[in-house]
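Student: The compositional bias 'Low complexity' annotation in TrEMBL covers 37-49. Among the features that TrEMBL reports, region 'Disordered' is placed at 37-106. Annotated compositional bias 'Acidic residues' per TrEMBL: 50-60, in sequence order. Among the features that TrEMBL reports, compositional bias 'Basic residues' is placed at 74-85. What TrEMBL lists as domain 'Peptidase M24' is 145-355. The substrate binding site annotation in TrEMBL covers His214, His322. What TrEMBL lists as divalent metal cation 1 binding site is Asp234, Asp245, Glu442. Residues or ranges marked as divalent metal cation 2 binding site by TrEMBL: Asp245, His314, Glu347, Glu442.
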Amino acid sequence: MGNLSELSSVTDIMAAQTADALKNLKVKDPEAVIASAAAAKSSENGNAAEAEDSDDDEDEKGANGEGGTDGAAKKKRKRKKKTKKAGGANPTKQSSPPRVLLSTLFPSGEYPIGQEVEYMDENLYRTTNEEKRHLDRVNNDFLQEYRQGAEIHRQVRQYAAQNIKPGQSLTEIAEGIEDSVRALTGHPGLEEGDNIKGGIAFPTGVNLDHIAAHYSPNAGNKTILSKDNVMKVDFGVHINGRIVDSAFTMSFDPMYDNLLEAVREGTNTGIKEAGIDVRMGDIGAAIQETMESYEVEINGETFPVKCIRNLNGHDIRQWEIHGGKSVPIVKSNDQTKMEEGEVFAIETFGSTGNGYVRDDYETSHYAKRPDAPNVPLRIASASKLLSVINKNFGTLPFCRRYLDRLGQEKYLLGLNNLVSSGIVEAYPPLVDKKGSYTAQFEHTILLRPTVKEVISRGDDY
């Protein structure tokens, strides 16, 4: 009887330990783990995975006890733990819509290289020159920030191009793109200063037909995309102020194909001609020659494709979408040269109208001027709004929807005061004549010491 009593006591102790172990088991829904992994940073994911491995090891040790029925239950729970481990692994491909943090898909921190193009003529030596190769290597952080932004742009725009359909509102289209960019950069932009670290570089342009640029819907806009529209989609991504600026045009009727091809080839010509020591006027002449060799037939009427002569490409600086240099898209006498280390947005616009744009419609785009004067503001709402702009956008462009999103109210008086004081620049929509159609294509290029890198190039354009 004494031995039976000891055995009973041991059994009771083991049963209590088993009950405690079962209470501590952490069984998760695999789908929830996947969703969690998609929202977390790669380093955090790695730590979480190690913690789960440790939990599994402890649970497996606790499950090696005796007893028929209890042992079976423990084995069943152990199998569930294995399922959880598999589900908790980092995603290996982008979701639809894009919501997986890009750094999760590239845990090494090395992002895809853009299209590399060797320099020509007297700059050909740069490709193999050891000094230039050294300069390229010391720029690695700069390059990885740009390549990360470019890969985000590719993934977001390719999803957008496949899923934008007639019947959607412009607000739905713009916000869908912006939500994807924020998710992939890991910067929702709601906390003070977060948008300056990364995310949306400027408001998403959804420009229809004769509207060439700078149109983004304000709150309450009810415009619906139709199958007859030609829409320019222009958006930017930035990582640490390194802005990737790229745009494309989409239509739903092959009647417009020649217009789109003319402008796409105009942009490709500009990219081909661009390089260190190249003069801006020469690039513009080559673009114009290419684009204006096209014509397009729309509803039985033939139109020459014209370059929009008062729209240009531009250089890009850190946190500044428009630097001090312009890249014309028509022939000019501009002798300004491109220089090593500079970043340019090569963008071209074609039109079936006048080939000239003017301001029209309600303004949505604004940006604080880099050279903003330090002037007294007599309207309290202007001072308050300027503080919000400084803390959330700096010199990056923003729109009224972004201010709404931050919870700002009744700010128009203050915003107009900042504009009239020369602190903030307003960018109204730019339009050609009504009834005409315009198209745009754009890429960002880096003039590296060794090669020209078309950072935003993709399989789509």
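Here the Cβ of each residue, glycine as well, is placed from N, Cα and C on the backbone.
Model, not experiment: these values are computed from the prediction.
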Student: Applying the rule Cβ within 8 Å of the centroid of the Cβ atoms of Asp245, His314, Glu347, Glu442, what extra residues of the same chain belong around the divalent metal cation 2 site?
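Tutor: What remains near the Cβ centre is Ser246, Ala247, Gly313, Ile316, Phe344, Ala345, Ile346, His443, Thr444.
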Student: Give the residue from the binding-site residues His214, His314, His322 that has the most other Cβ atoms within 10 Å of its Cβ, counting over every protein chain displayed.
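Tutor: Checking each of His214, His314, His322, the winner is His214.
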Student: Which ones, of the binding-site residues His214, His314, His322, have a Cα no more than 10 Å from the Cα of Asp234 (divalent metal cation 1 binding site)?
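Tutor: His214, listed in sequence order.
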Student: Tell me, roughly as an integer, the mean pLDDT over the domain 'Peptidase M24' (145-355).
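Tutor: In the predicted model, the domain 'Peptidase M24' (145-355) has a mean pLDDT of 98.
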Student: Could you state the whole-number distance in Å separating the C-alpha atoms of Asp245 (divalent metal cation 1 binding site) and Glu347 (divalent metal cation 2 binding site)?
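Tutor: Rounded to the nearest whole number, the Cα-Cα distance is 9 Å.
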Student: Counting only residues 6+ apart in the same chain, whose Cβ is under 8 Å from the Cβ of Glu442 (divalent metal cation 1 binding site)?
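Tutor: Spatial neighbours, sequence-distant, of Glu442 (divalent metal cation 1 binding site): Asp234, Asp245, Ser246, Ala247, Phe248, Thr267, Gly313, Ala345, Ile346, Glu347, Thr348.
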Student: Quick one: give me the count of other CB atoms within 10 A of the CB of Asp234 (divalent metal cation 1 binding site).
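Tutor: A count of 24.
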Student: Could you measure between His314 (divalent metal cation 2 binding site) and His214 (substrate binding site) for me? Cα positions, answer in whole angstrom.
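Tutor: Distance between the two Cα atoms comes out at 15 Å.
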Student: List nothing but the one residue from Asp245, Glu347 whose Cβ has the fewest other Cβ atoms within 10 Å; the candidates are the binding-site residues.
Tutor: Glu347
Student: In the same chain, outside Asp234, Asp245, Glu442, whose C-beta lies within 8 angstroms of the Cβ mean position for the divalent metal cation 1 site?
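Tutor: Not counting the recorded site residues, we get Gly205, Phe235, Gly236, Ser246, Ala247, Ala345, Glu347, Gln440, Thr444.
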